[in-house]
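S.K.: There's a structure below that I have some questions on.
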Amino acid sequence: MNAIQKEKAVVLLSGGLDSATAMAIAKDMGFQVYALSFSYGQRHTTELEAAKRVAKTLGAVEHQVANIDLTCFGGSALTADLDVPKGRAPEDMEKEIPVTYVPARNTIFLSFALAWAEVLETSHIFIGVNAVDYSGYPDCRPEYIQAFTAMANLATKAGVEGRTKIEIHTPLIDLTKAQIIQKGIALGVDYGLTHSCYDPSPEGLACGQCDSCLLRKKGFAEAGIPDPTKYIP
């Protein structure tokens with residue numbers, strides 16, 4: 001029996017492909033999963049319905065949806081009236097930080113996860129960041145996670161008292177999108193329940209052309225697995 005089988009873990013769950021896989025990995029490691037999602041004013045609120053489906057299917061002990069309003073700051077195509085880039089080549093995605101980057105989003109999300117982890121008296125947090133097939137986000141890099149972990153252990157009661165050491169698990173950080181999909185399939189993830197698109201139709205269909213959709217399509221193609229996503233015709 002896994003030594004950490006009964007430990008709790010907070011998993012950041014957007015409803016997308018990566019976070020669903022991270023949650024499945026946490027479950028496979030034996031953790032009791034507490035899923036945390038955010039309604040932050042994002043244009044792609046369809047992902048919240050996906051998060052609810054994934055949390056239920058993968059057996060989260062509890063699923064919290066925190067309401068925060070990042071539209072008051074704007075600064076991103078996901079939270080303001082800015083166009084979402086379409087049709088970009090993968091190499092172009094890596095040249096600059098895109099307008100779909102939400103300022104400090106992962107720092108905000110991880111801070112909420114850290115607070116909940118303290119309440120749950122656990123030191124384990126999972127986040128599905130990826131530094132291989134990614135859209136140039138600065139808060140998806142290993143050095144960012146290392147820095148946040150160091151801060152977390154200085155900023156929490158448990159960390160200061162030396163009772164536990166906060167650990168931020170990033171099981172996908174060195175995997176390609178294809179490898180992530182293959183890992184998820186092996187763990188029984190139903191990717192038909194997930195949603196990745198930044199600019200879906202009113203009916204919730206994926207646009208097929210934003211960075212997130214293109215990376216998703218590329219991942220399924222390279223993994224040799226049919227893409228279950230419903231795209232706009």
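Just so you know, glycine gets a Cβ as well, placed from its N, Cα and C.
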S.K.: Among CYS140, CYS197, which residue does Swiss-Prot name as a further Zn(2+) binder in the site formed by CYS207, CYS210, CYS213?
M.R.: CYS197
S.K.: Just counting, how many other CB atoms are there within 10 A of the CB of MET23 (ATP binding site)?
M.R.: 29
S.K.: Does LEU13 (ATP binding site) have same-chain partners at least 6 apart in sequence with Cβ under 8 Å from its own Cβ, and which are they?
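M.R.: The list for LEU13 (ATP binding site) reads SER19, ALA20, MET23, ALA35, LEU36, SER37, ALA51, VAL54, ALA55, ALA60, HIS63, given in order along the sequence.
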S.K.: What is the total of other Cβ atoms whose distance to the Cβ of CYS207 (Zn(2+) binding site) is within 10 Å?
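M.R.: Around the Cβ of CYS207 (Zn(2+) binding site), 18 other Cβ atoms lie within 10 Å.
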S.K.: Where THR21 (ATP binding site) and CYS197 (Zn(2+) binding site) are concerned, what is their Cα separation in Å, rounded?
M.R.: 17
